[in-house]
Amino acid sequence: MLWMSLQFSFKSSSDFQFDLRLIPVLIGGLYAGLGLWLSVIAIVFRSFFGLGTGFWLNVLLYVPLGFLLWRIYPKFKIQPPPKRIAFSVLLTVILSVVTVIAMEIWSSPESRLDAWAAHLAVPTVGVAMISYIIEYVRKDLELKKKLIKTEKLEAVEQMGAAISHEIRNPLTAAAGFVQLLIEHPQPLEKRREYLHIVKGELESAERVIKDYLTFTKPSLDYIEEINVKKEITQVINILTPLANQNSVRITANFAILGSIEGDRQKFHQSILNVLKNAIEAMPKGGDLLVETNYTKSHISISVKDTGVGMTPEQLQKLGEPYYSTKGSKGTGLGMMVVFSIVKAMKGTIKVESKVGAGTTFYFSFPVFSPSAKNERF
């Protein structure tokens, strides 16, 4: 910028030329702490245009200016924005007046009005505009940082509240049955029934903790070849009783070939979460279609239901911290886990949905490559 300002200069007298080098020197010195270096560079660049009176005046002006900017930079950067802008403009006016007075003493300008306008008005307006823009951008960035921090704090609060709620409920139920067994002796069959309920509630709490740990640490524990058809078939078999209970018909169409690379258990968990959500989105029954397609580089999986669907607002928030389409019945942790696992396996997710028409999840994973795995190990 310094070189460009000198390139587009014009002579205001026989020994003096006007350019905008003062602007980058002041702005760089005040806002970046580079005043000393920029002053030296300005002097060196000016020497290319001659070593006359104008050059030596340039030396007398920019050497003290460089040291001044170097000394005041630490105090300048801690001042409030209005004071920084005012000081920048004031310093520009002082330096411009000194320059014009020096011109009057050492060399009579061809047009005093042009000289005063060029050396006083233009740099002052330029520094004022740039200082204002810098302060505006800084303020905007600070507001964005505060907004992001606030959103993170809200997410942490929601996360803590949701996890506490999801863990407290099964633990409270389990504690109630244990208390009942302690205070009121029950027949053997009744005790077994109660203990079975307690075991189920504790497993429910364990699943919440497991989902949370998966979300916070989405890295893969084991890397292995995953048979997509086999894993999805197992998930469908697990969810068939739930589907029958909700009058949901599951149809699966698999590609002939298809293996991907990743953590088999976490892949199983992510597909289970998506299919379970799809079934629960059809309380009055419907159809659930699971398809896989194979290409040379990727395997795609689509999960399509005919459930209640989602609005554009719900679709946009899907996978965010503790947003759930189930309202108060869900925490959203399951979908967060799905997004984390798919990302860790270098896959992608695309979701399409329409209220009343259903939702479709599209997954895409890189095809398993034995040669790539051997190279990695």
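Glycine residues also receive a Cβ, built from the backbone N, Cα and C atoms like all the rest.
Lifted from TrEMBL, the feature list:
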type	residues	note
TRANSMEM	21-49	transmembrane segment
TRANSMEM	55-73	transmembrane segment
TRANSMEM	85-103	transmembrane segment
TRANSMEM	115-137	transmembrane segment
DOMAIN	162-369	domain 'Histidine kinase'
Next item on the list: Find the average pLDDT over the domain 'Histidine kinase' (162-369) in the predicted model and report it.
Entry: 84
Checklist line | Positions whose Cβ lies under 8 angstroms from the transmembrane segment (115-137), at least six residues beyond its ends | finding: 12-13, 18, 20, 22-23, 26-27, 30-31, 81, 84-85, 88-89, 92-93, 95-97, 99-100, 103, 109
